[in-house]
Structures are given as C-alpha cells and as structure tokens.
Amino acid sequence: MGASTGSKGSAVGSKGSAGKVKPAPASAAKSKAPALPKSKATASHTATASHTATSTSAAPTSTNLTHDNAQPASSRAPHRPRPPIIAASSRTDQYVLSQQWTKGLGTDDYFTMHGLWPNTCCGSRVYKKPLKPALVTDMTKYWPSKGKPNDEFWGHEWSKHGTCVTTLRPQCYKSYSKNQDIVDYFTNAMNLHKKYDYAAALKKHSIVPDSTNLVKAADFKKAIHTEHGVNVVLKCKTNPATKVSELNEVWTYFHVQDLNTYIGTQP
C-alpha cells in the first residue's frame, strides 16, 4: 500500500487460506509480494458477519429481608448501600476490531474503521454526540461513513455494538461521569486502529496497492502476524467485473481487561 492518494483495493483468493490476493509488481521484491489492488471493494456499514444477539431479561425485583418486628428500630444497624461491583475483565466475551479497505474511503496509506464489535449485543444506551473535538477529527479521517452522515454511522456503531462492551457499563466505573462510556468506546476503538496499522505492516513486506497480480492470502496474514503478533481473519468480496475475490476487511480478535486494555486472542 503506497503513500499515494489513489483509490484503494485488495484482492484475496476465494479459497480460504489458499486464496490469492493482488500483490505488488515483481520489481517490488524478488518473489511475488502480496498487495492491495487499486480499486477498493465497497463495504456495507451493516456488519458483514452475524453478531450473536443475546436477549436481556429484566432484573428480578429485590426482596426486603428486613423484618420490622424482629427488633426495635432503635437497635437496628443503620442502612449502608452496597458499593458497586467493578468489572475487572471480560474474558468470556470476544471483541472484533474490523478495519476495512473500501473504494472511495481514505487513501492508500491506511485502512479505515468499520467498528469494534463485542460478540453479544444489547443496544440499550443512546449516542448523544458528546465526543471531544480531537477525537472527532481522528474519527472523521479514520472512521468515515460511505453513503450516510458520519454521525449516523457512529451512532449506529455505538447503539448496536458499543453498548454491549460489558466493561464500559456505567456501574463498572469507580467514578462515572455522564457519557464517559461513549467517549471511552470510541477512544479505545481509535487507539486500537492506530496501534494495529496494517497498511504499514503490509508495506514492509512489499504488499502495496496493485491490480495486476495475485498473491496468497496466507502471505497477508503472515506479514501482519510478523509485525503485530496477531492472527487475523480476512473478509473478501467478489469483484463482479473481474470475478476476483478482493480484500474487504481485516478482523482482529480481543478479550478486554479493565476499561481499556485489549488483549489479542485467537479468532
């Protein structure tokens, strides 16, 4: 992926790990190097893979265990509210960082964001645009929407996915301020996106935008693993004109610990 500002794209073979992806020209390396074609395949902002939705049942009503006739009111201990339970980690849930290579979004220097998705969903809290200006600037560049306003896209990602991040529930904070969970969700997502800069990782292995050659999908995965130590899943779409399966998204899997510590895990 070069530093040019041309449109993006990448082709990956449709036969799983044995599939092929469009590589850099032969001059880029002695052996055929994997690369991204110059025309990006359009990706829908609707999640391309199913996300397991879990229904939430209403919490049982609390039972009053105090019997007024057990002892005089004057002798009973004063009521002390229970402290909140702080969620230390969420190792039972799995989170997907989805980075996309979409025609018309961004330049050849970077992937753009699709979302940060837990494998459970509740969709219970509302996005109210409380984001900080610096964060909005980053998201405008790296998390743009295609075909709808950015705010609408971001609101969808928060409502459908961000509300499901169990460690960002208000009761998990030692001291929660209004909308802090929303800001933290988008901040964590952007930090992960910048940390796992796959365009730069691929470029180190001569994988750059190219629409003339095909390389093995395994070479894409190997380059990313070498640079970042994670195993990723490639999501592809077939180009109707060329009948070639083109790279559309790269998924990275995590468990989350505390509020903002994401630990890479196997897909």
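Going from the start of the chain as shown, residues are counted 1 onward.
Cβ atoms are placed via backbone N, Cα and C, with glycine included.
Whatever TrEMBL says is automated annotation, not expert-curated.
Residues or ranges marked as active site in TrEMBL: H114, E157, H161. Among the features that TrEMBL reports, compositional bias 'Low complexity' is placed at 1-63. Under the heading region 'Disordered', TrEMBL lists 1-89.
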Rounded inter-Cα distance in Å - H114 (active site), H161 (active site): 11
Structural state of H161 (active site), classified by DSSP into three states: coil
Proximal but sequence-remote residues of the same chain as E157 (active site) (Cβ under 8 Å, at least 6 apart): G115, L116
DSSP state at H114 (active site), helix/strand/coil: strand
